[in-house]
Amino acid sequence: MVPTKIVAQKSPPLKGTVRISGAKNSVLPIIAASLLSSDEVFIDDIPELRDVNVIIELIKYLGADCVYKDGKLSIKVDIKEVEAPYDLVKKMRASFLVMGPLLARLGHARISMPGGCAIGTRPIDLHLKGFQALGADINIGHGFVEAKADKLTGKKIYLDFPSVGATENIMMAAVFADGLTVIENAAEEPEIVDLANFLNKMGANIKGAGTDSIRIEGVKKLKGTEHTVIPDRIEAGTFMVAAAMTGGDVLIENVIVDHVKPIIAKLIECGITVVEEAGGLRIKGCNDFKAVDIKTLPYPGFPTDMQAQMMAMMSVAKGTSVIIETVFENRFMHVDELKRMGADIKIEGRSAVVTGIGHLSGAEVKATDLRAGAALVLAGLVAEDRTEINDIYHIDRGYVRIEEKLKNLGAIIYRE
Ligand SMILES: CC(=O)N[C@H]1[C@@H](OP(=O)(O)OP(=O)(O)OC[C@H]2O[C@@H](n3ccc(=O)[nH]c3=O)[C@H](O)[C@@H]2O)O[C@H](CO)[C@@H](O)[C@@H]1O
Ligand SMILES: C=C(OP(=O)(O)O)C(=O)O
């Protein structure tokens, strides 16, 4: 039988070394972008995740030939379909990222409308405004979004919010457009830079990725390339918090220190020791770390994808912390589950007031989304007795064998 829950027990301080996998949020747009290449592409450090399986299934459905072996994926594309069906988009919102490449390559894409999810309504208006600005006609009906264009022409596009997905989708759509596209108020996340690097290696002409203004000069064709995905800064952050919360001493390998700066800053403010070593980042926890305030923001601000994990940590910190979520309107689903474990948290609009208590108590809880699940795993490592986390398919979307990696550090955790 497939294990359906993770059981965590109060664990000793975590000790040892953990290697961080390739970034989920880089590999998904990069696999989508491979639809733009006329030749075979090779992608290395592919994380074995549920979401990665979904995007591979989707590009295979569209006509790609994919071979996966030992963390490496080769993709050769011969697009036969322009439609991304409901079944695949409902499993993962990031499936919508094939719209830009299909529009660029074939001038036509029909993608099932991604719905909201546990963390918010998550509209796609900014993606669509960008496609329209480039010259596409957009039609929405019967649960699908259809984009058609005889020709795409470069334009200046200002994003009302620096949306990661919209920046990526528009960047991919503009790769073959006539002339210059400029995305202003673009997202600056490291995953945008990784995608731009991948596209440039294939022959695209993209400048400014990583700043709020990205310039894409249209080219005629993209060729094959090899690319290694950047390490997952959110997985790294999650293990950094695990080490800190348990009072452990853990070396995090395969992490780009710049990408986790906002997390390092908060941990240091809590009283945790963070040391940059040749092999990675060493996190040394302490028993009475302080509560700190957190406000999530687009990069380089504190990542919303680390908010739930920090809240688990603040639940057992010394003092009171105010956590403000500004990126998603409804990303507090983990609060009720943490409260089941005894946490003292009050929600006021977009703020959570967390009063640190001495200890949590193990309980049966459910992962309502990916990072909520990670937060509950972390809470389970410091809670008295046994914590059972249900609906762990959410966790498997974004963490490579989380329980094995934690077990290697001495945590008492297993799948049941
Ligand atoms: C696969 C992937 O990379 N997922 C990440 C990506 O999601 P995703 O790309 O979906 O996140 P966005 O940056 O687009 O969303 C941020 C905010 O913008 C709003 N918005 C977005 C698009 C749009 O057209 N209209 C609009 O209003 C969203 O509802 C949300 O409130 O960035 C998020 C913010 O860092 C992360 O939490 C996700 O892990
Ligand atoms: C919100 C996340 O992912 P997605 O955008 O794929 O839902 C996440 O990784 O925390």
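Glycine is no exception: its Cβ is also placed from the backbone N, Cα and C atoms.
What TrEMBL lists as active site, proton donor is Cys117. Counting every protein chain shown, 17 other Cβ atoms lie within 10 Å of the Cβ of Cys117 (active site, proton donor).
Marked as phosphoenolpyruvate binding site by TrEMBL: Lys24, Asn25. Taking all protein chains in view, 25 other C-beta atoms sit within 10 angstroms of the C-beta of Asn25 (phosphoenolpyruvate binding site).
Residues or ranges marked as domain 'Enolpyruvate transferase' in TrEMBL: 10-406.
Marked as 2-(S-cysteinyl)pyruvic acid O-phosphothioketal by TrEMBL: Cys117.
Cys117 (active site, proton donor) sits 17 Å from Asn25 (phosphoenolpyruvate binding site), counting Cα to Cα. In the three-state DSSP scheme, Cys117 (active site, proton donor) falls into the strand class. Ligand 1 lies under 6 Å from the Cβ of the following recorded positions, listed in sequence order from Lys24, Asn25, Cys117: Asn25. In the predicted model, the domain 'Enolpyruvate transferase' (10-406) shows an average pLDDT of 97.
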